[in-house]
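Engineer: Here's the feature list from TrEMBL:
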- 117-177: DNA-binding region (DNA_BIND)
- 392-401: compositional bias 'Acidic residues' (COMPBIAS)
- 115-176: domain 'Homeobox' (DOMAIN)
- 179-380: domain 'TLC' (DOMAIN)
- 386-423: region 'Disordered' (REGION)
- 87-116: transmembrane segment (TRANSMEM)
- 188-208: transmembrane segment (TRANSMEM)
- 258-277: transmembrane segment (TRANSMEM)
- 312-332: transmembrane segment (TRANSMEM)
- 352-372: transmembrane segment (TRANSMEM)
Amino acid sequence: MLLPCSWVLGIRGWRRGPWPPLPRGMGRRRREPWSMNESLHLSVSHCRMFQTLYNYFWWDRLWLPVNLTWSDLEDKDGRVYAKASDLYITIPLAFLFLIVRHLFEIYVATPLAGLLNVKEKIRLKATPNPVLEKFYASSTKHPKQGDIEMLSKKSGCVVRQVERWFRRRRNQDRPSLLKKFREASWRFTFYLIAFIAGMAVIVDKPWFYDLKEVWKGYPIQTTLPSQYWYYMIELSFYWSLLFSIASDVKRKDFKEQIIHHVATIILISFSWFANYIRAGTLIMALHDSCDYLLESAKMFNYAGWKNTCNNIFIVFAAVFIVTRLIILPFWIMHCTVVYPLDLYPPFFGYYFFNFMMVVLQSLHVFWAYLIIRMAHKFITGKVVEDERSDREETDNTEEEEVTKNGPLSNGHPVLNNNHRKTD
């Protein structure tokens, strides 16, 4: 049965009239206008190609164990199974999440920031300079020493003034403290609710206590309504994170975050339509168990509650190491790698699922390294900060200006008569 071809015809259309003349110097050969039959034949060929790719993608041997087909997972006898088509709803739900997030940040996170006395740091603005601004926008925000000397000659500023201008200009582009607080508040709220909901979904299930139960009867395992909504909400949320990552606060692990979101979306989607749902719910709940702790530590850090932030961070670090570096690889991944082989020989879906698990585990090792660095700073008495965040750039000159010139007016020091105008 071929896929409908009307959409192909609608996009491509029919070629009308003669082909345009060939460039001078090339042999001329008259091309006849395409007939309706030729266009239809081409469209049917495209449909057959897409149908072939479609059949290969959903080939039973790829995603299911031997001797099982997709027909074995069709709803019957009152049993309901997961379907790939169920995942379509996650895209509109992701946009709904973005709307809810926007409202949450305005009407919940912003007033909460006021209650916690979240204050913006004073940032000195860079003096308008067309030469430096053009280089900043078109070349790089971090010029090398040779570029600085060249810009010094072009702009008429000394080298130190150029360096200071770029520091202040970069600080202007950094997200505000309120933006960071609102993002952390939104993620804290979701992760906390998701963790509570996830535990409610799996805590009364036998596979929560005995991992061998994860594969009992696989893949003929009925999907429960609670599992359906847990999956759809989690997947929709990660879609929304992927959609908003360009506008969110950019951190040093920006690329790793993209890889994490994409791997998570693929893993959740595959585990759904291949009916790895029992393992999937365990993995999602395990990940949610410590994420809300990190976001709450960020919130208190932005609010200036350093001791509270540090204490929560220590709890987060302990939970992260136990769940991501011990339970996940030695319990959950052991469950997904070893136990299925007692029932079926390995197949592509088995390898694919565990490969994505290895990708996530590699990211966990990377983040564990950053967490250990922060823990070391805490133990040695230094202020604990998010190692993934870009820090404010300051210099002694700016601090001296604030100290010497006294109070600030609209975020800028009140200049005295001895202060050079070029600064």
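Even glycines carry a Cβ here, placed using N, Cα and C.
What TrEMBL says about a protein is an automatic prediction, not a curated fact.
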Engineer: Averaged across the domain 'Homeobox' (115-176), what pLDDT does the model get? Just tell me the whole number, please.
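Structural biologist: Residues in the domain 'Homeobox' (115-176) carry a mean pLDDT of 82 in this prediction.
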Engineer: Would the transmembrane segment (188-208) count as touching the transmembrane segment (352-372), i.e. at least 3 C-beta pairs under 8 angstroms with sequence separation of 6+?
Structural biologist: no
Engineer: Going by DSSP assignments with H, G and I as helix and E and B as strand, what are the residue counts for the DNA-binding region (117-177)?
Structural biologist: 36 helix, 0 strand, 25 coil
Engineer: Could you pull out which residues elsewhere in the chain have a CB under 8 Å from any CB of the transmembrane segment (258-277), counting only those six or more residues past its ends?
Structural biologist: 63-64, 73, 81-84, 86-87, 218-219, 221, 223, 227, 231, 234-235, 238-239, 241-242, 245, 283-284, 336, 349, 352-353, 356-357, 359-360, 363
